[in-house]
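These notes are about the structure you will find just below.
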Amino acid sequence: QIAETNLAYTRITAPIDGTILATVVQEGQTVNAQQSAPTIAILGQLDTMRVEADISEADVTQVREGMPLYFTISGQNSKRYDAELEKIEPAPDSIVSDKSFTTTAVSSSSSTATASAIYYKGIFTVPNPDGLLRTYMTTEVHIVLARAKDALIAPVTALQDTDEPGKAKVRVVTGAGKIEERTVETGITDKVNIEIRSGLNEGDKVVTDNQVAAPTPAGS
């Protein structure tokens, strides 16, 4: 009976349905289950993938759960995957290594500042029916903060700031080859292009270097 019981202990059953991602122990290797349950293999459910995106502390205040997003994977930049931000971790991963949370006594006479960047995990899931997404892949994630349909856009480098919020100066090339300065109303931006709500027309040529506006002719 003891032998039958011991034999039953050798039966290994997966706790979940999934794909074997890695085998930790090899055939013939001795494992000890008396102290803690040993890891025999690593399983993964690949029909739905969980993605963790790093959000910098400068950007985390602008995003919230439920925002739409899209991402691409390395080597397949032409294919976009759409999803929705499901969760933002309340603390960065670096909190684990923060010595102020340990029980070890620390002298209060000195402190050390850190220049390490702080990132918070933005978490979402995406269906993986074709199995193209794999574990540990690198993704480039874009969270959509705002949308503007059929918007007129101009390069951010063509704008000069003004004291009036939502307004900017733009240098435009006229039909006579002159450069004139206009005030435009701006909207949302992706830091490369910016929405122009008024002040420019489609097809206007804008200046993106440091040329100055042409002086107004006398008597005009």
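Cβ from N, Cα, C; glycine included.
Curation plays no part in TrEMBL annotations; they are all automatic predictions.
Here is what TrEMBL records for this protein:
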- 150-209: domain 'Multidrug resistance protein MdtA-like C-terminal permuted SH3' (DOMAIN)
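Each residue in the domain 'Multidrug resistance protein MdtA-like C-terminal permuted SH3' (150-209) has a pLDDT score, and their mean in this model is 93. Helix first, then strand, then coil: DSSP counts for the domain 'Multidrug resistance protein MdtA-like C-terminal permuted SH3' (150-209) stand at 3 helix, 32 strand, 25 coil.
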